[in-house]
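Written below as structure tokens is the structure these notes are about.
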Amino acid sequence: MSSPNLLPILPNGFEASGSAASQCGSGGCDSSATPASAAQPSSCGSAASPHLEAVTTTRLRLPKWLKRPLPQAGMQYTSDVIADLKLETVCESAKCPNRTECWSAKTATFMVLGNVCTRPCGFCSVPRGKTEVVQLDEPGRVAEAAARLGLKYVVITSVTRDDLPDGGANHFYECILAVRERTGAQVEVLTPDFKGNRAAISRVIEARPDVFNHNTETVPRLYHRVRRNAEYQRTLNLLAQIKEEAPDMLTKTGLMLGLGETRDELLEVLADLRAVNCDMLTLGQYLQPTPDMLPVERYVPPEEFDELGELARGLGFSMVASGPFVRSSYHAGEMAHVAGQA
């Protein structure tokens, strides 16, 4: 377990135990990842991503607050279940820095619709290229894994599938229903933006996930570099639509820090998110997953994460997790529990 100053910012008396899932980014899969090297890093792309040409090549040294021991107990069982059922997890595909902690606690974020993304995001190590045929038995396999692992809270995400007419929305629908029927567990989804397709978004809402998460990732000025083929306003529109159609459904989003955003830009984004009644927020440090991805522009110290978390709560977010190791699905069950009581 990390030292206290690295834990998410949670309400007084609320313990941040290792019982939630890992994370990935704009396509759905969680944002920042394990650094390319513990000595030289700077929550979807390839080595040939054209938008990386203009970025700096100077890499920052990993600060001491981003170094921590990795628990191993209990990891093998989770790994065996996932392998046996031929499933993907964002924990592995996105090289999440929390995967050993989460897997040791027998938890995982399931990544459906394959392991190849259709978008060239500059921060994500999930490969892009030729996508797979949708596996119709996958919802049942996800549900079986959740049952074998004894999960009470399940997180489901996906790569971005712009090649599908509905972006994979119906597959999310089937996965949610399958997990509920098999386990009775609560379900959080972390989805792509479905290219703004309102009917697709509505289909996911119809399955009534307990939490609907879609990551904002970064500030508008950096979208062209960080989230190519995504739009800031499209993200806000998606979060707004959820509240329009299901006012009681918890909405959630996450941002990576350290990509070159300014404090004022970040605060403007937080205000925009509250304007569409977003309930839950995660703030974490971007870590360069491979040398070919965007470099880290700045390592944000833990005390600054603490301050930003307090500011976010002051804006009205019902639940905020803010810290260097925070990822969008990290301690997801605990966050949802607290937000639901707010």
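Cβ coordinates come from backbone N, Cα and C, glycine included.
The [4Fe-4S] cluster 1 binding site annotation in TrEMBL covers C91, C96, C102, S329. Under the three-state DSSP scheme, S329 ([4Fe-4S] cluster 1 binding site) falls in the coil class.
Taken as a whole, the domain 'Radical SAM core' (103-318) shows an average pLDDT of 94 in this prediction. As annotated by TrEMBL, domain 'Radical SAM core' applies to 103-318.
The feature [4Fe-4S] cluster 2 binding site is assigned by TrEMBL to C117, C121, C124. Within 10 Å of the C-beta of C121 ([4Fe-4S] cluster 2 binding site) we count 29 further C-beta atoms, all protein chains included.
Ranked by Cβ neighbours within 10 A across all protein chains shown, the binding-site residues C117, C124 are led by C124. According to DSSP, C117 ([4Fe-4S] cluster 2 binding site) sits within a strand segment. Across the fold, the C-alpha of C124 ([4Fe-4S] cluster 2 binding site) and the C-alpha of S329 ([4Fe-4S] cluster 1 binding site) stand 15 Å from each other.
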